[in-house]
Amino acid sequence: MASGVGAAFEELPHDGTCDECEPDEAPGAEEVCRECGFCYCRRHAEAHRQKFLSHHLAEYVHGSQAWTPPADGEGAGKEEAEVKVEQEREIESEAGEESESEEESESEEESETEEESEDESDEESEEDSEEEMEDEQESEAEEDNQEEGESEAEGETEAESEFDPEIEMEAERVAKRKCPDHGLDLSTYCQEDRQLICVLCPVIGAHQGHQLSTLDEAFEELRSKDSGGLKAAMIELVERLKFKSSDPKVTRDQMKMFIQQEFKKVQKVIADEEQKALHLVDIQEAMATAHVTEILADIQSHMDRLMTQMAQAKEQLDTSNESAEPKAEGDEEGPSGASEEEDT
């Protein structure tokens, strides 16, 4: 195998094997480098070509005169030195990159530990703040409960002093049962106006000369009326719709108009039935009010009689007491006068 450059190639000719492989296992040379003069097998030739891009490799011919590099061997030596320097630089740069990566990883670990410590401190501070907020909320809730208790007590006292809503609603209902013109109970029914009136409305009010009836008579009359008007109107409506729809001469617009007219009639019947039901409710309420009024009037009359009797009894008691006092005085003077006469 050949070794060295320059004059060494003149002394040691090529033996036809690869200079990079082990001597005992070196295969036959296939390429030779024109710059450095070494012979290489196919694998080492590719490696040499990639490592030294400026070198030129040619096919090695066995038995031919060995090719020698230029006499100036300094170029090859310089190139090899430059290659070594480049390799050393690459190694140094790789080592620097590794150290930088280690430093970065260490700094990242330190930052992570700092972040974890900060997170822990933040969590602790959040827990402390949450506990403080819970304590404040509990204290505020206690204060609110106390205030609510006080306000409820005040509200109860105010409610006791004010009217109950149910009482107010009852007062409104009672006011509605009164005549708006005269303020009396609605105890009569006007047949012409179909309205509840008081006893003064047909005398000095707007219902003079109208046909009147009692509440009981009006209630029985309205209740006895046939309530099948709505049912009859619906049956008649269905029959008319069937007849109208079977007529081929009837257009779409005419059918719409017919349906609207028929439903207006049914709506009028429904309104009449509604008015009748409302009249019955009003009459029942007026009858109940009149009945209660009669009962209250009887109670008041009974109370008046009792009060009169109590006043008379008191007057008689006072009179008897006044008549009894002079007799008692005369009895006291009699014995004293007799004793004086005996002394004289």
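Heads up, the Cβ atoms here are built off N, Cα and C, so glycines get one too.
What Swiss-Prot records for C179, H182, C201, H207 is Zn(2+) binding site. Positions annotated as coiled coil by Swiss-Prot: 290-325. What Swiss-Prot lists as compositional bias 'Basic and acidic residues' is 75-92. According to Swiss-Prot, the feature phosphoserine maps to S336, S339. The region 'Disordered' feature in Swiss-Prot is assigned to 1-25, 66-165, 309-344. The zinc finger annotation in Swiss-Prot covers 174-215.
Under a cutoff of 8 A between CB atoms, and with a sequence separation of 6+ in the same chain, the neighbours of H182 (Zn(2+) binding site) are C198, L200, C201, G205.
DSSP places the residues of the zinc finger (174-215) in helix, strand and coil in these numbers: 8 helix, 11 strand, 23 coil. Its Cβ taken as reference, C179 (Zn(2+) binding site) is surrounded by 18 other Cβ atoms within 10 Å in the chains shown. Apart from the site residues C179, H182, C201, H207, the chain places the Cβ of D181, L184, I197, C198, V199, L200, P202, G205, A206 no farther than 8 Å from the centroid of the site's Cβ atoms, the recorded Zn(2+) location. Counting only same-chain residues six or more apart in sequence, the Cβ atoms lying under 8 angstroms from the Cβ of H207 (Zn(2+) binding site) belong to C190, E192, D193, Q195, I197, C201. For the zinc finger (174-215), the model's pLDDT averages out at 81. C201 (Zn(2+) binding site) has a Cβ environment of 23 other Cβ atoms inside 10 Å.
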